[in-house]
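A.B. asks: The following block contains the structure, expressed as structure tokens.
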Amino acid sequence: MNSAPRNAGAARSVDRRGFIAACGLLVLLVVRMLGAADATRIFDIENIPVVKYVAVAGRNVTLNCPGVTEHSLVDTLVWRTSQTIAEYVDGGLPLVSSLRITLLPDNFSLHFNPAFASDTDEYSCLVNDRHSPDALVDLLVQDVPDPPGRPLVLSFTSRTVNLSWAYTQDPRNAPINNFVIETRVGENGEWDQVDPLYTNSNEAFYQVTGLVPFTVYSFRVIAVNELGHSPPSKESYYFVTLREAPTGKPVTTIAHNTSATSVYISWKPPPAETILGEFLGYRITYRARDKGTDDDVKEIYIRDSTVESHEIHHLETYTQYLASIQVFNPEGLGPPTTVLVMTDEGVPSKPLNLSVLEVTSTTIKITWREPEKLNGAIHGYRVYYVHQNQTLLHLPILKADAAVNSVYTYTLSNLKPYTDYKIIVAAFTKKFDGEPSEVSQRTDISGPSAPKVVNLTCHSQHELLFGWHIPQTYYNTIDYYIISYRNLEHSEYKDIRLTANSSIVETSMIIPNLTTNMVYEVKVRAASASVINPKQIILGSYSEPKKISLQLHCEKIPQPSQRQVYDDYNLAVLGGIVFSCFGLLLIVLSFLLWKKCFHAAYYYLDDPPACQGANTAGLIDWEAPCEVAGEVRGPIPVTEFAKHVASLHVDGDIGFSKEYEAIQGEALNDEYPSEHSQHPDNKGKNRYLNVIAYDHSRVHLRQVPGQKKHLDYINANYIDGYQRPRSFIGTQGPLPGTFDCFWRMIWEQRVAIIVMITNLVERGRRKCDMYWPKDGAEMYGVIQVRLIREDVMATYTVRTLQIKHTKLKKKKASQSEKLVYQYHYTNWPDHGTPDHPLPVINFVKKSTAANPSDAGPIVVHCSAGVGRTGTYIVLDAMLKQIESKGMLNVFGFLRYIRAQRNYLVQTEEQYIFIHDALVEAIDSGETNIKMDAIGGLVNNIDFIDNQYKLITSYQPKEINLTSALKSVNAIKNRSSLVPLEGSRVHLTPKPGVEGSDYINASWLHGFRRLRDFVVTQHPLIETFKDFWQMVWDHNAQTVVLLSSADNMSFLQFWPNESEPMESDYYRIRMVSETSENNYIVRNFVIQSIQDDYELSVRMFENPMWPDMANPRSIYDFAVRVHERCAQYRNGPIVVVDRYGGFQACQFCCISSLAMQLEYDQTANVYTYAKLYHNKRPGIWSSYEDIRQIYRILSYMPKDLGLLKCTELRTEFDDAAIMTATPDLYSKICSNGSINTHLNSGDGGGNGNDGVPTGNGTNGGLPMSGGGTTTAATIQNGGTVIVKMNGEDNDELSVVVATSNHLNLDHNQS
């Protein structure tokens, strides 16, 4: 039942309270002469005076004895009513009837201390045994009344009740003015004493109005007289007001489509006090927006009040629906909440009236009308044609701006003559291809090829005998021959038309009526009747014209030059054939010898239509369709790839399982020799026993003089890329015993890029050994490797290494050094595959693009050099195939490269990840935007809107929100913006307290680190301590506050300087508060209560960020925040806005993208925005949010310097290293450079590429960071440089490059 408070607007009686403010005893003396004696008097004496006293109960009152003064002689005195009250006899003590009563000795007045209402009476004072008093004393003592009787409920409705009660038993000498009625809501509620009801009169009846339906009430009554309020009566018996239809609306939280025919709606119920009856459930009504009649409305009743979501099915495709949700109780329905939701695009129906308009030998022109049911926004039409079971796709035809039922035409060209084609046309939307319409058509014939003339001789002096062979190529039949001849003295030909028979191979005829001793030119061509229009004759090509002089017994005129060319050509062909046969013989012999020596195991399938096995990888065309395990698989157009991947995902990824099993099955059947890997001297060079290098594709190290042959071995294989043989070298993570071999391979193969996709240790197991120097230079055999710089980013690190061959001859000294770049991906999880493919795609693109065109292969390794290595190589090849051909063949390429190194793409999970990553790559396209192109995209609404839709496409499931949706945590959330389970920030849990590890906060990555930011809502009063617990637990020393505190919903959650805040484990106090450039900076210290540890925290409050009117201030604020963070780079930056949404995430985005722009002059807005959405869905509400990020980036100043203080690196020589505190760092580094009180050195520095460009000795050492170098000289010329160490650059080292002393403010040496 409802327990809502009583309506404040209920009607009440007019307030007529009586009030007496008695500050002392009120005595009213009235002396009057009465003509008749009162019936209650003790003395029935006429005309006796009466003295009246009126008193208030609880106060003192004194009655004077009439006629007695201080000078009166009193022997006896008696005060009495109906009984004696006090008595006095001369010489004795006064006698009184009550301890409250005193007989005053001065004038024998009767004193009551205090007086009660029961003391009301008529008193007489008899002196010296008189029979009658001088006057009667009338005492009236007034008091608050007794409580009325229990109120009774006479009748009631949903909002009123009629009450009646018994009057008070004793009004206590003061009439009842009115009554006060107090109300209680619920069986155990509080009485409403602050705002009770007042009656207008002293009637014992009242109608209470303004009640809440279906609510438990009880009442009590208080009587009111001039003296005040009586005690409350007994409360009435409980009753429940009648029901009414609900007044509250549900609140819609989610409304989106789930398919082309269904939508999903979720809601929160209205407040319980608005249900006004038993909560029976919900009614959902819906209709298409464009259909406004009541007949079209459909309804669904959900008779379960706990349900808060529903999916509506069987809707029309791509249609806007108005859906209304109402609660209902037994009295009826509440007001509706209406939401507009649209079903998804579906499959368009068949195009109408597909037919053939025109046909030629190489073209077919078709026409059609748009489908009857569009089921979406038609983007265009795809035209396929099938020939000999091979399907080909013509380019999509974009939809023209035409009226409904417009006619489309399209011409298929480059077809083969006289060939049957099945033509398929299907409309397509953004998401689906529609149902196809089909038509079959045979192309027309083309003209026959030229006949071959075999005879031209004189038949007589007036006739020629002319013979020819049937054309080598013709279609259907040859119906006619046309012989053309002319006298060379005339330019015009004469034609003779013969009916032909295709079954006759050689035809001869006599050309009559010629002139003797004339030269004639004769040629012939065939002709065929069109199969489309039999009346049309299609002419073929002419034979080569032949010349002859007509005379008796003549011969064909020789043509020396042409004949000579023909003979020379024949000789060349003959010579080429002989040479080719000889070369082929050598190849066969070489192959047999090689097979005998190395036992190569190449096999070829006997069935020509099927694919060659993967064991012929060097010979097969992996881009062509082929049949494997009874299924034909081939390249897939990019427009079809997402649909293809979705089909593989159905039924628990069964399609992927089948494909991967087919690849695995081939690998088991193929046996490639790997004798060098199995050699006893080489087994120790293999990290894993079962991961070996095939002999036919392995990398051979160059022979060192005097070295055994097997010492040319390294566990590495050449692997082809897309249309580039030996594009990669796949290898294992180097072992300590193979470091020298690894670097020899890098040198000999002219490698410029090394790709590493593993961490050194994963899940406690050694995956790879550190084969590069941590600082300075190391020797690995004959190769010296020096670490030049190290750029650490969130998901990968780029190291610049200088390698030098120490054994090259002096004349080649200039070629003995070169730079190698190691791209080290650090975010591949220990188990499985990455959460999202975007960082991997970006890494693949960046690392492969860095390889110079004249460099050797890219070396790729993980731990074994097969799983992640194969994934990387397949992704690169497919991205290039997409760019080149607009299609891709993952299955075929993986089969192909598995013949070059075993186990590439080691798990089915990796195989699935490749497909999902390529779908993302196709959908998103190129997302790295160059700096000079950002401004042009701000007004490209279509581009930004498309990005926004892709960015926000992910919708979390309830399992992803387990902690956030728990009832114990629901009160900690301000809005529907809540953290996902995989990215939420955890607090230290309190034993036995459910939900104590929860706070509405999410981890977000930045440019440098995966956990660079914590985004959270403005704390609620219930979560103040949780917020500071998070800061304490995660060592967060920088807080950015983008919301402002008010006195209503968003309260101040930090302590003032005079009032510290305490928790069970720590104490927070404010140290200072200052204003800087439109923002406030506060410094806090959090001290541990249990041990000697404290944490300094700085808060930057800037509720006006971003100030679009002053773009420079946007970046200055970000720089200021990151400067502070650079001083104490242990924990994340905590970013707070009202709901942990757009503003906070925008700050993180802008900060990270500004660093990326400084680093490589590109910005990947799409990647940051999408990964942020995937960790905290709902932060981007419209495409304008994304557009504003582009707009802010377009204002970025070139001299920002945001990267300068985030990380300092240097090349190390033989300098001594000592640890420095963050305070020393802040003294040395300010705003990204060495502080001015440390003098800059003058020596050599770095060029823009981080390579030392000078040779100074006492000057600045090369430092990397902003691309320039600075060193500081201190005290007696010593030089100091600073380096950030540690996995997250959270250790600071100071390097003293000379023997001079370094004086520090701290106690360090």
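Glycine is treated like the rest: Cβ placed from N, Cα and C.
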A.B. asks: What residue among Asn353, Asn960, Asn1000, Asn1056 has an entry for N-linked glycosylation site in Swiss-Prot?
C.D. replies: Asn353
A.B. asks: Scan Asn455, Asn973, Asn1231 for the residue that Swiss-Prot records as N-linked glycosylation site.
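C.D. replies: Record says Asn455.
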A.B. asks: In Swiss-Prot, which of these is labelled N-linked glycosylation site: Asn501, Asn1047?
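C.D. replies: Per Swiss-Prot, N-linked glycosylation site applies to Asn501.
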A.B. asks: Of the residues Asn162, Asn1255, which is given the N-linked glycosylation site tag by Swiss-Prot?
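C.D. replies: Looking at Swiss-Prot, the N-linked glycosylation site feature maps to Asn162.
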A.B. asks: In sequence order, what residues of the same chain, 6+ apart, have a Cβ less than 8 Å from the Cβ of Asn353 (N-linked glycosylation site)?
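C.D. replies: Long-range Cβ contacts: Thr367, Trp368, Arg369.
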A.B. asks: When the pLDDT values for the domain 'Fibronectin type-III 3' (350-449) are averaged, what is the result?
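C.D. replies: Across the domain 'Fibronectin type-III 3' (350-449), the average pLDDT comes out at 85.
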A.B. asks: Within 10 Å of the Cβ of Asn107 (N-linked glycosylation site), how many other Cβ atoms can be counted across all chains shown?
C.D. replies: 15
A.B. asks: Translate the DSSP assignment of Asn60 (N-linked glycosylation site) into the three-state scheme.
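C.D. replies: Going by the DSSP assignment, Asn60 (N-linked glycosylation site) belongs to neither helix nor strand, so it counts as coil.
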A.B. asks: Quick one: DSSP breakdown of the domain 'Fibronectin type-III 4' (450-553) into helix, strand and coil?
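C.D. replies: So the counts come to 0 helix, 54 strand, 50 coil.
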A.B. asks: Does DSSP put Asn162 (N-linked glycosylation site) in a helix, in a strand, or in coil?
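C.D. replies: In three-state terms, Asn162 (N-linked glycosylation site) counts as strand.
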A.B. asks: Summarise the domain 'Fibronectin type-III 2' (249-347) by DSSP state, stating how many residues are helix, strand and coil.
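C.D. replies: Within the domain 'Fibronectin type-III 2' (249-347) the tally stands at 6 helix, 48 strand, 45 coil.
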A.B. asks: Mind giving me a neighbour count for Asn455 (N-linked glycosylation site)? Other Cβ atoms within 10 Å of its Cβ, every protein chain shown.
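C.D. replies: The Cβ of Asn455 (N-linked glycosylation site) has 14 Cβ neighbours within 10 Å.
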A.B. asks: For the glycosylation sites listed here, Asn60, Asn501, which shows the highest count of neighbouring CB atoms within 10 A?
C.D. replies: Asn60
A.B. asks: Quick one, of the recorded positions Asn162, Asn257, Asn513, Cys862, which Cβ has the fewest other Cβ within 10 Å?
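C.D. replies: Counting other Cβ atoms within 10 Å of each of the recorded positions Asn162, Asn257, Asn513, Cys862 gives the minimum at Asn513.
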A.B. asks: What's the CA-CA gap between Asn501 (N-linked glycosylation site) and Asn455 (N-linked glycosylation site) in angstrom, rounded?
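C.D. replies: So the alpha carbons of Asn501 (N-linked glycosylation site) and Asn455 (N-linked glycosylation site) sit roughly 19 Å from each other.
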